[in-house]
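Peer 1: The feature active site, proton donor is assigned by Swiss-Prot to Asp388, with similarity to another entry given as support. Here Swiss-Prot flags 67-108 as repeat 'PFTB 1'. Positions annotated as repeat 'PFTB 2' by Swiss-Prot: 413-454. Per Swiss-Prot, repeat 'PFTB 3' is recorded for 530-577.
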Amino acid sequence: MNKHSGNRTAIDPAALEMSIASATEALLAYRHADGHWAFELEADSTIPSEYILLRHYLAEPIDVVLEAKIGNYLRRTQGAHGGWPLVHDGPFDMSASVKSYFALKMIGDSVDAAHMVKAREAIRARGGAANSNVLTRFLLALYGVVSWRAVPVLPIEIVLLPIWSPFHLYKISYWARTTIVPLMVLAVLKPRAKNPKGVGIEELFLQDTKSVGMNPKAPHQSWGWFLLFRGIDGILRVIEPHLPKKLRERAIASALAFTEERLNGEDGMGAIYPSMANIVMMYDALGKDDHFPPRAIARRAIDKLLVIGEEEAYCQPCLSPVWDTALTCHALQEVGGANAVAKAKQGLDWLKPRQVLDVKGDWAVKAPNIRPGGWPFQYNNAHYPDLDDTAVVVMAMDRAQRHAGSKEYATAIARGREWIEGMQSRDGGWAAFDVNNLEYYLNNLPFADHGALLDPPTEDVTARCVSMLAQVGEFTQRSKAVAEGIAYLRRTQHAEGSWYGRWGLNYIYGTWSVLCALNAAGIDHQDPMIRKAVEWLVSIQSWDGGWGEDAISYRLDYSGYEQAPSTSSQTAWALLGLMAAGEVEHPAVARGVNYLKNAQTENGLWDEQRYTATGFPRVFYLRYHGYSKFFPLWALARYRNLRSTNV
């Protein structure tokens with residue numbers, strides 16, 4: 001008898017099977033005709049606000065219906081505090097509030113309307129729009145609201161620096177790189193938004209807008225580095241206007257070449273909104289009209305991010321079909337049965353040709369001898385494949401071909417494995433898109449007030465890569481990569497037993513990821529780091545049997561897990577983590593399973609309004625609409641499968 005069996009909450013097997021069947025049927029209903037899944041990916045109010053402001057920047061014809069729907073979305077997401085949060089029911093955020101107010105005013109909302117008065121008072125009570133972050137300030141500078149003295153100098157000549165330079169573009173993350181290159185062109189040309197309505201937001205400032213200076217030091221920044229870089233910024237501000245014209249022209253040409261090589265068709269450069277928007281504004285500033293092919297392509301890419309409903313609309317930051325499809329395939333394979341397995345195989349068949357095999361992207365600058373073999377997060381993003389997605393896809397393919405007794409995906413698996421092994425950073429961990437992106441001093445640049453300029457190794461991505469390598473046959477005894485990955489995870493565990501989650505919120509996500517990796521790598525379930533993690537997960541279970549965690553757990557003055565209302569996805573992660581640690585019979589697992597069963601709606605799925613994923617900690621969060629559909633199903637099916645072999 002298991003040590004926990006006498007203290008177990010009863011789970012009715014028939015009811016559990018009904019829950020699994022209902023969730024499976026509902027999940028399959030979201031499948032596209034070609035076999036893949038793509039769910040909505042919602043951020044905060046900033047992206048839809050920026051979309052409105054982009055249209056008016058370019059003086060595009062006003063789409064009254066679309067603007068009305070985006071306006072409805074913005075008004076609904078306004079917080080009780082008067083401003084806009086970064087997450088559902090979250091605290092006031094200055095930059096989100098300034099952009100949302102600006103967009104609503106641009107749409108035509110009266111400044112005397114109750115919601116606008118409330119927003120304006122909330123912004124002014126917190127020091128006014130001068131306290132916006134650096135990217136918001138760039139937008140305001142482009143609109144002429146603040147002067148260019150309010151933003152850091154971004155000399156376009158940076159693109160010509162040699163690779164050994166401490167400020168080379170390949171020393172920052174892909175998302176920063178693809179955003180900054182067109183932004184540098186804008187910073188040099190200093191264009192002015194067309195803004196045919198002449199809308200401004202001077203009323204959000206407590207001082208003359210033209211007197212707004214540079215941002216103060218951000219909390220994550222070191223005084224020494226900050227003062228050094230602020231001094232360099234001051235010097236550049238003096239000399240930048242006097243740099244040789246020919247050098248500037250060559251730098252702009254280099255930036256354009258960089259952009260056009262990575263334009264990525266109608267999926268957009270980097271396949272993320274900020275890059276696409278900056279590219280469109282860059283071409284406009286260079287005098288290219290809206291029929292100029294690269295500009296037109298980039299502009300169409302942006303509209304593919306829109307989600308337009310009956311009453312509301314918003315703009316997504318990017319699309320997530322590879323991630324959604326791969327994780328759905330995992331859930332369906334866990335469910336089992338002929339239909340679910342067949343649909344998972346069709347999803348994997350959709351994924352297979354999307355592997356990047358012939359493009360050496362930006363990652364190859366630091367790993368020139370590695371063959372490509374990764375998958376991107378989006379439909380197409382060949383220059384920027386994602387290690388997390390690649391690991392998840394390879395694991396799903398490996399499981400499928402083992403079940404089928406075939407070698408159908410063997411070549412794809414081998415190339416994915418080879419690429420991931422070659423992308424291991426020197427500290428033993430893996431990052432999301434780059435290798436050895438460890439120049440932490442760059443987060444002290446005036447531009448980096450967000451603290452997200454880099455893509456260093458993280459516990460969650462490292463765990464996924466270790467899981468994949470172990471699943472395909474690499475173990476600590478004979479694999480240097482896995483041994484170093486395990487060592488990285490061992491030393492990054494927090495004292496209370498958790499691991500940080502960079503791309504999911506937060507310590508629940510990181511701990512689930514690592515426990516799965518340790519299990520796959522054959523680490524003894526009695527290992528102290530596993531026992532500490534189990535004890536921690538059990539200790540934070542909510543009264544209702546679920547698990548929930550708040551985004552404020554990312555605060556710099558870390559003091560531990562921050563409880564929030566239970567969510568289906570975070571509960572599923574906790575359950576999958578505990579089961580990976582051999583705790584399927586633990587009473588906490590049964591309580592968590594009961595929570596998921598009780599929270600399941602009549603349509604077979606789970607309602608989850610809270611944000612449980614992370615774009616940039618403390619700056620930008622995500623709500624994957626698919627998370628509440630496939631993760632709970634995965635956990636319930638895993639519980640059923642383990643219990644059926646453990647009674």
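Quick reminder: no glycine exception, Cβ is built from N, Cα and C everywhere.
Relative to the rest of the structure, where do these features sit?
Peer 2: Asp388 (active site, proton donor) falls within a helix when secondary structure is assigned with DSSP. Asp388 (active site, proton donor): 28 other CB atoms within 10 A of its CB, across all protein chains.
Long-range contacts of the repeat 'PFTB 1' (67-108) within its own chain (CB-CB distance under 8 A, at least 6 residues past either end) are made by residues 44-46, 48-53, 56, 115-116, 118-123, 126-127, 129, 131-133, 135-136, 139-140, 197, 199, 201, 204, 308-309, 311-315, 551-552, 609-611, 619-621, 623.
Here the repeat 'PFTB 2' (413-454) has Cβ contacts under 8 Å with residues 133-135, 152, 154, 166-167, 171-176, 180, 214-215, 218, 220-222, 225-226, 228-230, 233, 355, 357, 362-363, 366-367, 369-375, 384-388, 390-391, 393-394, 397-398, 401, 461-462, 464-465, 468-469, 472, 481, 484-485, 487-488, 492, 502-503, 616-620 of the same chain, all six or more residues outside its ends.
Across the repeat 'PFTB 3' (530-577), DSSP assigns 24 helix, 8 strand, 16 coil.
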